[in-house]
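A short worksheet on the structure shown next.
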């Protein structure tokens, strides 16, 4: 789906087959090396690619340094994996100076992040051009953890993406973690049952409250996909069905009838593939 955000840059599979034939293998080995010492870079790189593509297309503008750039925007301050991209770029410049774009490195790194966490592989079209413009204000259209479902749909529609694309891409939350501060408001002092968000499963609520106690450390990290945070699978969607979504925006994919349809389809497809 992220390929649709490339904005017609003339990408194709095997773009570097003649000019830098080792490009993909260099990125693959670099990501694998970093992953061995820190598996958290997988969700970090996947998220970085998404945050890059959702602003100005997949142009690596997220990597541009400077004040008031995308990199400095509040919604991007938690991004991880820049050192992996830097490492891959250094190796590629040594092998093929001035050939491989940073935008393609990001796309290839996202692929390897999925594969390394037991997800399926795919062919990545390459040939993206690096952008030269990066503005923090452009990140205002990034999806937020508390966005109403209609707002989520609107943000994706503005990029030419529909409700199925929304569910597919948010499914990337099958790997990785988030901080308590981004969802603990759902656990206390709301109008739901026992002062919690009523869309949270009653049996799951005590577990979340134990992980993120009231007035506790709000920077503590919690898996976005309970019991399967390091594996790219359909567990994330099963958890939504059970009322075990961590972020409010994630759980709304199940409570909204139009997006629930696509969640259910993924679950049916998973059962069929088993």
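Each Cβ is built from the backbone N, Cα and C atoms, and glycine gets one as well.
Quick look at what TrEMBL lists:
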type: ACT_SITE; residues: 51; note: active site, proton acceptor
type: BINDING; residues: 52, 55, 57, 59, 61, 70; note: Ca(2+) 1 binding site
type: BINDING; residues: 174, 225, 233; note: Ca(2+) 2 binding site
type: DISULFID; residues: 20-96; note: disulfide bond
type: DISULFID; residues: 53-58; note: disulfide bond
type: DISULFID; residues: 180-212; note: disulfide bond
type: DOMAIN; residues: 10-266; note: domain 'Plant heme peroxidase family profile'
type: SITE; residues: 47; note: site 'Transition state stabilizer'
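The structure, with features from TrEMBL marked on it.
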| residue | record | Cβ contacts under 8 Å, 6 or more apart |
| --- | --- | --- |
| 52 | Ca(2+) 1 binding site | 58, 59, 60, 61, 62, 63, 70, 103, 106 |
| 96 | disulfide bond | 16, 19, 20, 22, 23 |
| 174 | Ca(2+) 2 binding site | 224, 225, 228, 231, 232, 233, 234, 235, 236 |
| 180 | disulfide bond | 211, 212, 216, 217, 218, 219, 220, 221, 222 |
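Counting every protein chain shown, 19 other Cβ atoms lie within 10 Å of the Cβ of residue 20 (disulfide bond). Take the mean position of the Cβ atoms of 174, 225, 233, the recorded Ca(2+) 2 site; other residues of that chain with a Cβ within 8 Å of it are 171, 173, 175, 228, 229, 231, 232, 234, 235, 236, 237. Averaged over the domain 'Plant heme peroxidase family profile' (10-266), the predicted model has a pLDDT of 95. A gap of 14 Å separates the Cα atoms of residue 57 (Ca(2+) 1 binding site) and residue 47 (site 'Transition state stabilizer'). For the recorded Ca(2+) 1 site, residues 52, 55, 57, 59, 61, 70 set the reference point as the centre of their Cβ atoms, and the other residues of that chain within 8 Å of it by Cβ are 51, 53, 54, 56, 58, 60, 62, 131, 134, 138. Each of the binding-site residues 59, 70, 225, 233 was scored by how many other Cβ atoms lie within 10 Å of its Cβ, and the smallest score goes to 233.
In terms of local Cβ density within 10 Å, 58 ranks first among the recorded positions 51, 58, 61. Cα separation, residue 55 (Ca(2+) 1 binding site) to residue 47 (site 'Transition state stabilizer'), rounded: 13 Å. Between the C-alpha atoms of residue 47 (site 'Transition state stabilizer') and residue 53 (disulfide bond), the distance comes to 10 Å. Considering only the recorded positions 53, 55, 212, the Cβ with the fewest other Cβ atoms within 10 Å is that of 212.
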